[in-house]
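Per TrEMBL, thiamine diphosphate binding site is recorded for H72, G113, H114, S115, G145, A146, N173, Y284, E367. The Mg(2+) binding site annotation in TrEMBL covers D144, N173. The domain 'Transketolase-like pyrimidine-binding' feature in TrEMBL is assigned to 316-481.
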Amino acid sequence: MDLLSIENPSFLQNLTKKELEQLSEQIRSFLIKTLSKTGGHIGPNLGVVELTIALHRAFNSPKDKIIWDVGHQCYVHKILTGRAKDFHSLRQYQGLSGFPKMNESPHDVWETGHSSTSLSAAMGMAIARDLKGEDYFIVPVIGDGALTGGMALEALNHIGHEKKNIIVILNDNEMSIAPNVGALHNILGRLRSAGKYNRAKDELEALLKKIPAVGGKMAQTAERFKDSLKYLFINGVFFEELGFTYFGPIDGHNYDDLFENLKYAKKTNGPVLLHVVTKKGKGYKPAENDKIGTWHGTGPYKIETGDFIKPVDSKPAWSKLVSETVRKLARDDERIVAITPAMTVGSKLEGFQEEFPERVIDVGIAEQHAATVAAGLATQGMKPYLTIYSTFLQRSYDQLIHDICRQNLNVFIGIDRAGLVGADGETHQGVFDIAFLRHIPNIVLMMPKDENEAQHMIYTAIQYDNGPIAMRFPRGSVYGVELDNKLKKLPIGTWEVLREGTDYAILTFGTTIPMALEAAKKLEKYGIQTKVINARFIKPLDEEMLRSLLHNQIPILTIEEAILQGGFGSSVLEFACDNGYTDHEIKRMGIPDRFIEHGDVKNLLHEVGLTSDNIVQTIKNEIQKLIKRA
Ligand SMILES: Cc1ncc(C[n+]2csc(CCOP(=O)(O)OP(=O)(O)O)c2C)c(N)n1
Ligand SMILES: CC(=O)[C@@H](O)[C@H](O)COP(=O)(O)O
Ligand SMILES: [Mg+2]
């Protein structure tokens, strides 16, 4: 089979089981080979090869809606729906997305990247289908990790109550990114060993039907027996009590099991949950043997050895620097407890967890819960360190307002992956946190210019006991600057002049400082002296420094690798306006009012105009305008 020639999944109907098994192996080697160059979510996708093929054989996509939860495991789906030929561009600028995208294929019926949305989306589609009197299957595929997300449980509750015809496929590989956690994970563990309960129930029913009816008594006994069978055989009662017909657990790599159970599921009225047990990374030893989530999402690697191919000058990740700094401070401060919503590996907490196993709390994919656990800890005098990607912090918005800031609790939030993240695209760009945080009373928000300032900020945050304080930091590696041995507390709300100048002032922070300094240097050639200020406290602003710029009528350019609407630049505009400087020249550069797709961060920065050349051009244009107006 030439994978590149596949246009749609209809060909699957005519394949024998042997041919399907050959196709599985072909897709596996295609994935292993292609992803060794592009990187991507190799583990999750190797685990769903047979499942995806079986789903596309049992259902008629896109009439039947196959919905991928998180969506990181959609590569096989993309191969079967005519996109194998695009995989060389996977997760690259203007290339194939690593998640479902409606503009790529009609088979991508739901876009995602954040976990636990598939069941709610399925419910919405089911309500629409039934209101319109249409007839098609709706099949959300959710992982055991995603099932721990609050939204998923809210949806299970609703679907079961409404008895909607939805076939939930639970892809259980016992892994979130790292090994899965929580009570639900334990229930699934018991289920995995429960054997084929449902078949026994059907055989029993068939048997009882053969016994001549002796009136309600027998039927009642039979019903009670059937129910006790259910209780006897499975803890899947968790799902059955929610109103689902539970099937499984079945072997998600066995076509006979898959086809037989999908046939049952299609014939069953009301909500069904088919529990499929798979092996994450199946078919590639390094990924199969991965115990901690290293092969969940990777960069390029050497196929033969499984060694990752890192850039030559690779320096430690920002997450590592931050987590290790907090870990060091935790040695002398027992109040410190780290909380992560299922991102132990991404947030580089392994070392911290090894040294202080009871002081690193992985709550599962549960960002709302994580934020309020942190709040609860702070009420008891602890110093919780909530480490969370900017994009996933969006899930905890109400908890930030209602629980942490309103009660003014001493929570330290490490906002990881702040700014453009690159390959994960729109659903993961960490560009909204400034806009959704800075208007919340009591919060301090800061961003370091480099890893040395970061460690001082972390020390400041741990010492800070006037309420919530957040430090945002980017994805990727640190700069490699020298680290001070002695940490000091930074005065809250103070900025730092990095370069003097009187013709123009650039206010910026974090990752856009280097380009600002580069632009200032280039502007000197045009006789323009540009002040560059490290506006490291996004909230509160350094009002003294800002006031002096305004008072001395120095035109201002704010630059942020964050959404412009409601961002840092907006706060400078508000300050100027509120303090009577309504005619002061203030220009803003940042992420425009649209979602930014996947691609290398350098390309994305260029696309949105965040380059030193564009800064130069902007300031030159503004000065020209000022001269004309004078
Ligand atoms: C709201 C949210 N939080 C965290 C993540 C990061 N994340 C991506 S995949 C994943 C684990 C998903 O586990 P599971 O659903 O079991 O899928 P598997 O990778 O095992 O196939 C996590 C935590 C996310 N995408 N969305
Ligand atoms: C699919 C998902 O949400 C995670 O796997 C995410 O891609 C991790 O991002 P990092 O690679 O930045 O840790
Ligand atoms: Mg899983």
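For all residues, glycine too, the Cβ spot is worked out from N, Cα and C.
Overlay of TrEMBL annotations on the structure.
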residue: H72; record: thiamine diphosphate binding site; Cβ contacts under 8 Å, 6 or more apart: H41, P44, N45, G98, F99, G113, G297
residue: H114; record: thiamine diphosphate binding site; Cβ contacts under 8 Å, 6 or more apart: V70, T391, F392, R395, T427
residue: D144; record: Mg(2+) binding site; Cβ contacts under 8 Å, 6 or more apart: L170, N171, D172, N173, E174, M175, S176, N180, L184, H185, L188
residue: G145; record: thiamine diphosphate binding site; Cβ contacts under 8 Å, 6 or more apart: S115, M175, S176, I177, N180, A342, G364, I365
residue: E367; record: thiamine diphosphate binding site; Cβ contacts under 8 Å, 6 or more apart: P341, I388, F392, L393, R395, S396
Protein Cβ atoms within 10 Å of N173 (thiamine diphosphate binding site), excluding its own: 22
Local confidence of the prediction over the domain 'Transketolase-like pyrimidine-binding' (316-481), expressed as mean pLDDT: 98
Neighbourhood of ligand 3 - binding-site residues from H72, H114, D144, N173, E367 with Cβ under 6 Å: D144, N173
Contacting binding-site residues, sequence order - H72, H114, D144, N173, E367 vs ligand 2, Cβ under 6 Å: H72
Thiamine diphosphate binding residues H72, G113, H114, S115, G145, A146, N173, Y284, E367: largest Cα-Cα distance, in Å and rounded to whole number: 32
